[in-house]
Every structure is written in C-alpha cells, then in structure tokens.
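Features reported for this protein in TrEMBL:
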- 6-117: domain 'Tetrahydrofolate dehydrogenase/cyclohydrolase catalytic' (DOMAIN)
- 136-276: domain 'Tetrahydrofolate dehydrogenase/cyclohydrolase NAD(P)-binding' (DOMAIN)
- GLY162, ARG163, SER164, ILE228: NADP(+) binding site (BINDING)
Amino acid sequence: MTATIIDGKAVAERLRAGLAGRVAALPFRPGLRVVRVGDDPASGVYVRNKDRAALAAGFDSATIALPADTRESDLLALIARLNADPAVDGILVQLPLPPQIRADAVIEAVDPEKDVDGFHPVNAGRLASRQPGLVPCTPKGVMHLLREAGARLPGARAVVLGRSQIVGRPMLQLLLAADCTVTVAHSRTRDLPGECRRAEILVAAVGQSELVRGDWVAEGAIVIDVGINRGPDGKLRGDVAFAEALPRAAAITPVPGGVGPMTIACLLENTLEAAIARRRLPS
Ligand code: NDP
C-alpha cells in the first residue's frame with residue numbers, strides 16, 4: 001500500500017475561498033490585528049503570510065509591530081485598546097514573546113470573544129466542557145484534514161503525540177468530541193513506538209525531527225504530522241519519517257504543505273466566527 005498524500009495546501013485554499021465568499025456577503029469586513037513583538041525571523045515570515053491570506057480573503061487585517069524591548073505593561077495597554085475597539089474582531093499576539101513579557105499574562109488579557117488563537121483559559125475551558133468557543137487553529141486544521149481524508153472518527157483509536165496547550169491538549173479534546181478513543185503520549189510515555197502502533201489515527205506534534213519511524217505506523221493508519229523542524233541542511237522536516245511511513249499509512253500529510261497552511265486558514269475561520277458571534281449575526 002502507498003499512502004494517499006493529504007494536500008493541506010489545496011484543502012486550505014478551498015477553505016479560504018469559502019471564507020472569502022462568506023466575508024464578501026457581510027455588510028462589514030471582519031477585523032484581525034496581529035501583534036508582533038521583536039523581530040524573530042521565523043515569526044516574521046509567518047505573520048506576513050497571515051496578513052496576505054487575510055487581506056486576500058477580504059478581511060480588514062493589519063500587523064502591529066513593536067520593538068523587542070517593549071514593556072509588558074505597554075503590550076497589555078495595547079491589548080486593552082484592541083479589546084475595546086469595535087472594528088476589531090480578532091486579536092492574535094504572535095508567540096514567542098521576549099523574556100520580559102509573561103506570555104500567560106498576555107494570553108489572559110485578550111478578550112475571550114476576540115481570542116482567535118483560542119489560547120485563553122476561558123476558551124480552553126469551553127472546549128474541555130464542550131461549550132461553543134474559539135478553538136486553537138492548528139488542531140482545528142487537523143480535524144478538517146481528517147475529514148478530508150475520509151477518516152471514520154467515531155470509535156477510532158487515536159494517538160496524539162505531544163501534550164502542549166496549543167496543539168496536543170486541544171487535539172485530545174477535539175478527537176474526544178468526535179467520539180475517538182484517545183491516548184495522549186509525551187516525553188514520559190514508556191513505550192512510544194508501541195502506543196503509536198495501536199493508532200488508527202496518529203497525530204504527531206512533538207517538535208522532534210522524524211522521531212516517528214515507519215515501523216511505528218500501523219498498516220492503514222491515517223498520519224497527521226504537525227511538526228515543523230528545520231534541519232542543519234535548512235530543509236523542513238516533520239515529526240514523522242515520511243518516506244518510511246508512506247508504504248504503511250493509508251493517508252499522510254507532508255511537511256511542508258500539510259498542516260501548516262491549515263493553521264492560517266483556520267485563523268481566518270476563527271476571525272469570521274468571532275465577528276459573527278460578537279456582532280450577534282446569524283451564523
Ligand atoms: P511543545 O514543545 O510545546 O510540546 C512538545 C510536546 O512533545 C510536549 O508535550 C513534549 O512532552 C512532547 N515531546 C517532546 N519530545 C518528545 C519525545 N522525544 N518523545 C515523546 N514526546 C516528546 O511543542 P508544540 O506543541 O508547540 O509544537 C509541536 C510541533 O508542532 C513543533 O514542531 C512545532 O513547530 C509544530 N507546530 C506546527 C504548527 C503548524 O502550523 N503546522 C503550529 C504549532 C506547532 P512533555 O510535555 O513531556 O515535555
């Protein structure tokens with residue numbers, strides 16, 4: 001068997017086109033503000049891509065760039081202004097932040113109704129208690145890809161590698177809500193290859209280049225590789241050894257071109273959802 005390659009770029013393009021159509025039908029342009037502190041080059045590329053995608057889909061999008069020595073109190077004051085601005089539907093503060101700024105304080109300062117990253121504890125709590133809220137973009141994108149790949153989720157054995165706030169934990173909640181039987185593995189898990197081999201759906205989000213070897217993948221599994229790791233040769237690699245997994249999996253995402261494009265598309269989806277909910281429009 002050779003796996004179907006799940007084309008995240010194409011799925012994301014279709015999602016963005018659908019969002020652009022919905023935005024065009026609104027009597028206003030949903031407003032997104034991305035706040036960037038410092039000049040981390042990787043974040044720079046990512047923020048520019050977000051802006052470009054948002055503008056192309058008809059959003060009112062702008063990036064606010066602050067110097068690396070910005071004080072936490074100044075960033076919190078900016079967030080308070082954006083929270084109060086009726087034209088702003090979504091606020092995203094690009095992580096990581098410089099060491100003088102506490103990320104938790106910043107995440108908690110964003111109005112949960114405008115928290116398009118879905119990182120605020122109120123939104124994490126809503127997700128965990130199955131209430132409507134804003135869901136983190138990357139795991140949300142993974143769910144889109146699983147549906148595209150034709151995954152039969154109810155009852156499926158799903159294994160999530162990684163337990164971070166931004167990927168692993170919300171991924172657990174989304175798969176559980178879709179009636180999967182979910183195992184979350186992490187750096188203290190005893191038998192990582194054994195856990196992976198039981199997975200019908202395997203989501204890898206560890207940030208370790210090609211940690212998941214081909215013989216960790218069960219025949220016919222659907223493999224979603226969230227990892228983005230830049231090797232010494234400058235090439236991007238996932239958390240899964242793609243070439244080894246290809247003959248065993250039923251479907252697999254490539255890196256790049258898999259989950260990455262979905263994250264930005266889901267950010268736009270969240271911004272539209274936030275605008276509709278906040279402005280009390282019918283969805
Ligand atoms: P974190 O570093 O926050 O979390 C990594 C998780 O993996 C932790 O739970 C850690 O375990 C676990 N882990 C690390 N090493 C091992 C190991 N050797 N064996 C088992 N578990 C391990 O990373 P993120 O969740 O933020 O990101 C994960 C990856 O996804 C990164 O490559 C990141 O670049 C990528 N990413 C991609 C996005 C996209 O748009 N495609 C968006 C966000 C992230 P423990 O908790 O025990 O320390």
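Note: Cβ is positioned from N, Cα and C throughout, glycine not excepted.
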Extent of the NADP(+) binding site in Å [max Cα distance among GLY162, ARG163, SER164, ILE228]: 16
Same-chain residues at least 6 apart in sequence whose Cβ lies under 8 Å from GLY162 (NADP(+) binding site): GLY168, MET171, VAL184, ALA185, HIS186, ALA204, ALA205, VAL206, GLY207, VAL226
Mean of pLDDT values spanning the domain 'Tetrahydrofolate dehydrogenase/cyclohydrolase NAD(P)-binding' (136-276): 98
Number of Cβ atoms other than its own within 10 Å, given for ILE228 (NADP(+) binding site): 19
Within the domain 'Tetrahydrofolate dehydrogenase/cyclohydrolase NAD(P)-binding' (136-276), residues counted as helix, strand or coil by DSSP: 53 helix, 26 strand, 62 coil
Counts by DSSP class (helix H/G/I, strand E/B, coil) across the domain 'Tetrahydrofolate dehydrogenase/cyclohydrolase catalytic' (6-117): 56 helix, 19 strand, 37 coil
